[in-house]
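As recorded in Swiss-Prot, the features of this protein are as follows:
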- 1-29: transit peptide (TRANSIT)
- 220-407: domain 'Glutamine amidotransferase type-1' (DOMAIN)
- Cys296: active site, nucleophile (ACT_SITE)
- His380: active site (ACT_SITE)
- Glu382: active site (ACT_SITE)
Amino acid sequence: MFAARLFKAMPARASAFPSVNASIQSRFMATVRNGRVAHERATFTIRDGPIFHGKSFGARSNISGEAVFTTSLVGYPESLTDPSYRGQILVFTQPLIGNYGVPSAEKDQHGLLKYFESPHLQAAGVVVADVAEQYSHWTAVQSLGEWCAREGVPAISGVDTRAIVTYLREQGSSLARITVGEEYDADQDEAFVDPEQIHLVRQVSTKAPFHVSAADPQCHVAVIDCGVKENILRSLVSRGASITVFPYDYPIHKVAHHFDGVFISNGPGDPTHCQETAYHLRRLMETSQVPIFGICLGHQLLALAIGARTIKLKYGNRAHNIPALDMSTGRCHITSQNHGYAVDASTLPSDWKPYFVNLNDSSNEGMIHKTRPIFSTQFHPEAKGGPLDSSYLFDIYLDSVRKYKASQSAFHPTRDSLPSPLLVDLLAKERVGVQPTIGMQNVAAAAAAA
């Protein structure tokens, strides 16, 4: 065991309290759990690129998807359950992953997952340099390998992730596959499935509305679920907003008058696949003055709704340490990001302006309407894990929501006293009909699931 080797490697020193040292060692060893799994040969292959051989530590299955990388130091349970990673093979740049295990699916007082961003592991595959078979954390209930195997997600360790990331950075995000227990046939290009050709949002969005009540509700926000993260919902509910979450293609403009605000969530894939969402948002802005806030894919869909364009980045931004400049104040925030597309700021209409800009690559990180309470960010102000420099944006948004509610109550005094036709008390309390990742083993199966 690593922990045992650690203590054996410590130089022996005379101590006035040998029993104390022994107690500390025994207590430390008691927190370390073994999550060893049987290893099998595995191969990570980049289409038209290098091949890497390693060891399997997840599910015994073959998958393909888009290979992307994250430089995040911590937060692998949150990253791997983020619906934005649906259909992607996630390469971790950190040399050791899994050392604090995987926590349970415990829920908080709002009925939201405390440690995961969705109920299931969302990434199609996992690539690491080294995986920790022994793990230690008070919340851990299983190892990373056990979790991947249980969720049906293949994972590979013992590969040169530095070489992989260098290739992806220079050549751009590429299609790749993980094969377990067999050699890759270079002639089988049909084995590479491009998730960009699949409507991934349709897979991860709730299939029916659900409702989460705040402990002390002050307003009611409609959330458009394109693959929403649990901590986004928590960031709204913990600030006094009860939320009703709708499928990505729900005609939100038809029910917006029952809400005090509309929120558009993050999600996976190409934003142009969600044309119906963009259309409903456009109709919403034409027919209502309700405050709107979008994050990540929600930012991109809002841009499409106002006639702007989106572009695909070479290798995307996926990290917890990306600087974004607030163009209205000149302040810089360290932000958490996970996206492969960006908004082309040069295509924004005249009544909109850029809100944030990425100080690494100068890509757009946000936009804001010049006169209406509508704004969006490409980064994640709710970051989990990651910095919370920009979490105040939720406060700005909900302040505008409360002001809108007050103005509507002034014009319509009976608005809040009338029974709601939404019957939110009868709605589900969690996501409806969202299935675990299918890996992308088969195009037909993926299309059918979509």
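Note that Cβ sites are derived from N, Cα and C of the backbone, with glycine treated the same way.
Since this is a predicted model, take the numbers as computed values, not measurements.
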**Item:** Residue with minimal Cβ packing [other Cβ atoms within 10 Å] among the active-site residues His380, Glu382
**Value:** Glu382
**DSSP three-state assignment (helix, strand or coil) for His380 (active site)** = strand
**Request:** Would you mind reading off the Cα separation of His380 (active site) from the residue listed as 'active site, nucleophile', to the nearest angstrom?
**Result:** 7
**Asked** Near the residue listed as 'active site, nucleophile', which residues of its chain come within a Cβ-Cβ distance under 8 Å, counting only those 6 or more away in sequence?
**Response** Ser84, Ser265, Asn266, Gly267, Asn338, His339, Thr377, Gln378, Phe379, His380
